[in-house]
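Participant: What Swiss-Prot records for 24-44, 66-86, 88-108, 129-149, 160-180, 192-212, 229-249, 256-276, 281-301, 330-350 is transmembrane segment, and it gives sequence analysis as the kind of evidence.
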């Protein structure tokens, strides 16, 4: 909106620069989240929209009165900042907003069910998976129709591994959407544990998106160019800004939780950025914390079903360390450090290829 008005009609040259609009979007989303979140917290407390706490984690019972669904606020702030600062004629921007809203809506349905039924189960697994499946399918098909190439790239290699057939690419992209959204959802179990690794991952991906959309940088760095994708940089930075605003209230002890409304939206948008910038494989490194959390659950369930033995004291793995006596803050900060280092290594692949 501001982009079209100030650059399109008044020819204010500052707004032609992607970096300026991305920075402006960051601060708009940050301050809007800071402003709206206290009001949301008061409303949520009045409505008793609190996160039901699992009986298997007795140390978290003091959090039972903490409101949830804070993800609605930072998703809303991101959309406002994107509408103001990004070009809405860009399909990658529009699809990015659709991903945020769509995955957040599925999360909202799950959060609402948990609050309404006052248990931690939420929607049935079949319904939740079905909604995520359809949403992932729609976005993946739209990306294919948009003409996004289907080459599969590996980190630190300048040439693609191979070109996927269209049907295989759509199926693969759907897998990335489904696995990443659920991985971030599983990670969201301690104060700030999902938000900071999401910030690191989004910052890394936003750099890759910017390079992919810039002809000079992509040529110099031997990085695959994706026409028009650079505009998504504005939306990504807006989401990072809103996450910093959310973290202001979500740091330990949290005043609000993001809920599935936030975690599914984050996972979906991270997956979307990875797909359009051809970083599906590198996402395993950038989202290392999400991968480890998910693997811990898979291994725990698999071990118990096949051997009737548990590999961990509790899964996801952040609860395992809590059960071993680690303070919550120690678990959180150490996981942050791992995430930061993983993303620094991932960024090296821009130059080392």
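Each residue, glycine too, has its Cβ placed from N, Cα and C.
Show me how these features fit into the shown structure, please.
Facilitator: Beyond the ends of the transmembrane segment (24-44), by six or more residues, the same chain brings 2, 50, 67-70, 72-74, 76-78, 80-82, 84-86, 234-235, 237-242, 244-246, 248-249, 255-256 to within a C-beta distance below 8 angstroms of the stretch.
With a cut-off of 8 Å between Cβ atoms, the residues of this chain six or more beyond the transmembrane segment (66-86) that come close are 1-3, 21-22, 24-26, 28-30, 32-33, 36-37, 40-41, 44-45, 49-51, 93, 96-97, 100-101, 104, 107-108, 111, 114-115, 231, 234-235, 238-239, 241-243, 245-246, 249-250, 254-263, 265-266.
Under 8 Å from some Cβ of the transmembrane segment (192-212) lie the Cβ atoms of residues 18, 22, 184, 218, 221, 223-226, 229-230, 232-233, 236-237, 239-240, 243-244, 246-247, 250-252, 254, 258, 262-263, 266, 269-270, 273-274, 276-279, 283, 286-287, 289-290, 318, 331-332, 335-336, 339-340, 342-343, 346-347, 350, all in the same chain and six or more residues away from its ends.
Outside the transmembrane segment (229-249) by six or more residues, the chain places 18, 21-23, 25-34, 37-38, 41, 70-71, 73-75, 77-78, 81-82, 85-87, 90, 92-93, 96-97, 100, 192, 195-196, 198-199, 202-203, 205-206, 209-210, 212-214, 255-256, 258, 262, 266, 269, 273, 276-277 with a CB less than 8 A from a CB of the stretch.
Remote same-chain partners of the transmembrane segment (256-276), defined as residues 6 or more beyond its termini with a Cβ less than 8 Å from a stretch Cβ, comprise 37, 40-41, 44, 51, 66-72, 74-75, 92, 95-96, 99-104, 106-108, 110-111, 122, 132, 135, 139-140, 143, 148, 173, 176-177, 179-185, 187-188, 194-195, 198, 201-202, 205-206, 208-209, 212, 226, 229, 232, 236, 239, 243, 246, 249-250, 282-283, 286-287, 290.
Among residues of the same chain six or more beyond the transmembrane segment (330-350), those with a C-beta under 8 A of the stretch's C-beta atoms are 155-156, 190-193, 196-197, 200-201, 203-204, 207-208, 211, 221, 223, 252, 282, 285-289, 318, 321-322.
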